[in-house]
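**Q** Got a structure for you, written out below as structure tokens; questions coming shortly.
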Amino acid sequence: METKIFKPDQIDQAAAEIKKGNLVSFPTETVYGLGADATNVQAVEKVYQAKGRPSDNPLIVHVADISTVEKYAQPLNEKTKQLIKQFWPGPLTIILKLKPHVLSSKVTGGLKTAAFRNPDKEATLNLIRKAGVPLVGPSANTSGKPSPTLAKHVYHDLNGKIAGILDAGATDFGVESTVLDLSTNHPTILRPGAVTSQAIEKVIGPVVDEQKHVGKTEVPKAPGMKYTHYSPTASVQIVDNENQWKSVTEWAANQSGKVGILATDAILNDYNWPQNVETYSLGNDVKSASHALFAGLRNFDLHSDITDILVEGFTTEGIGEAYMNRLNKSAGQKHFE
Ligand code: TXA
Ligand code: MG
């Protein structure tokens, strides 16, 4: 199967593929998703096959309006309504209790809950409306690889495995949505994203941060968080302090292979990089760094001679929390020393 590229003026064709039970990748404000009709079990099964994703890992249901959520979920409480009003459309995914037997266990991973998200991307909202069904949408990467922030990343991973890609250019934030579990009495952040815990707490009061509570031996509540992720083939290390970069240049010069450096312009311009170093810019702050992180890791992954990648760390404030969460997973917690 040749994977077609659809432009935003070809949404009818993309929607026709979804209605046929085929897979179409869609853009969002976070990363590209791998879309299928959430009400068609065979279509949902194809998503797991195309990604090579473990089938106990539930999928986010992407909706164009709140009434679709009300159709599947148990009556929304006041906190849920307030969060929806404040943050939708936008990068906040909420987990809600379902009515019985409304969604396939292929979507929910057998749980009694489901994750709902209203993406802030007009082309994709139109795709959902034209298809007339909600779309499941995991990130459109091969399982374990960095999430795609450009249509060409999706093409690289999934060409020949999916019917099409709706190309609306680069995504905005570059890290996946915040996942907030609202199915218990204690709202819990399962995955940090651009909607921060502080922003959520301003609307509904205290929330639990799952990252800070899960011991290493416990199974995380968001099944997806237990898998290795965002991993290029090369070894990845985090450079935590600005004053380490001088030692990085010396260390890199002693490596026999090529070294990739992912850092902001201030760092890249400040040092003389040895011959065996390739650089990739993270822009000038943590916001641009979040936008560029996955694209940068993918860029170095295409250079098979790069054996080591060193990436600038940031403090975990604002979107820095999501950035460091993804970077830590990619680096397997390895820090440059
Ligand atoms: O920004 C995003 O959220 C992107 C775009 C495409 O929308 N999607 C995305 O999907 O990141 P995915 O499948 O890569 O990540 C969804 C996460 C996984 O960690 C999954 O385990 C968790 O949400 N999840 C989904 N449904 C759940 C549920 N009912 N209970 C707990 N965790 C759930
Ligand atoms: Mg993913």
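One is the number of the first residue shown, and numbering goes on along the chain from there.
Backbone N, Cα and C atoms are what each Cβ position is placed from, and that goes for glycine too.
Caution: TrEMBL annotation is automatic and unverified by curators.
So TrEMBL lists these for the protein:
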BINDING   Thr30, His62, Arg117, Ser177  L-threonine binding site
BINDING   Arg53, Asn57, Thr113, Ser139, Ser147, Arg191, Tyr230  ATP binding site
DOMAIN    8-195  domain 'YrdC-like'
**Q** Could you name the residues, excluding Thr30, His62, Arg117, Ser177, of the same chain that surround the L-threonine site, i.e. Cβ within 8 Å of the Cβ centre of those residues, in sequence order?
**A** Thr28, Glu29, Gly33, Ile60, Pro91, Thr93, Asn118, Pro119, Gly137, Glu176
**Q** Using Cβ-Cβ distances, find the residues under 8 Å from Thr30 (L-threonine binding site) that belong to the same chain and are at least 6 apart in sequence, listing them in sequence order.
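**A** Counting only residues 6 or more apart in sequence, the Cβ neighbours of Thr30 (L-threonine binding site) under 8 Å are Pro91, Pro119, Thr171, Asp172, Phe173, Gly174, Val175, Glu176, Ser177, Gly193, Ala194.
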**Q** Tell me the coarse DSSP state (helix, strand, coil) of Arg191 (ATP binding site).
**A** strand
**Q** Taking Arg53, Asn57, Thr113, Ser139, Ser147, Arg191, Tyr230 as the record's ATP-binding set, what's the max Cα pairwise distance in Å, rounded to a whole number?
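**A** Largest pairwise Cα separation, rounded: 26 Å.
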**Q** Between Ser147 (ATP binding site) and His62 (L-threonine binding site), how many Å separate their Cα atoms?
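**A** Roughly 17 Å, rounded to the nearest whole number.
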**Q** Based on a Cβ-to-ligand 1 distance below 6 Å, what subset of the binding-site residues Arg53, Ser177, Tyr230 would you report?
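**A** Going through Arg53, Ser177, Tyr230 in sequence order, those close to ligand 1 turn out to be Ser177.
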**Q** Within the set Arg53, Arg117, Tyr230, which binding-site residues show a CB-to-ligand 2 distance under 6 A?
**A** none
**Q** Whole-number Å only: compute the distance from the Cα of Arg191 (ATP binding site) to the Cα of Arg117 (L-threonine binding site).
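**A** Arg191 (ATP binding site) and Arg117 (L-threonine binding site) have their Cα atoms 14 Å apart.
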**Q** Rank the binding-site residues Asn57, Thr113, Ser139, Ser147 by the number of other Cβ atoms within 10 Å of each Cβ, and give the residue at the low end.
**A** Asn57
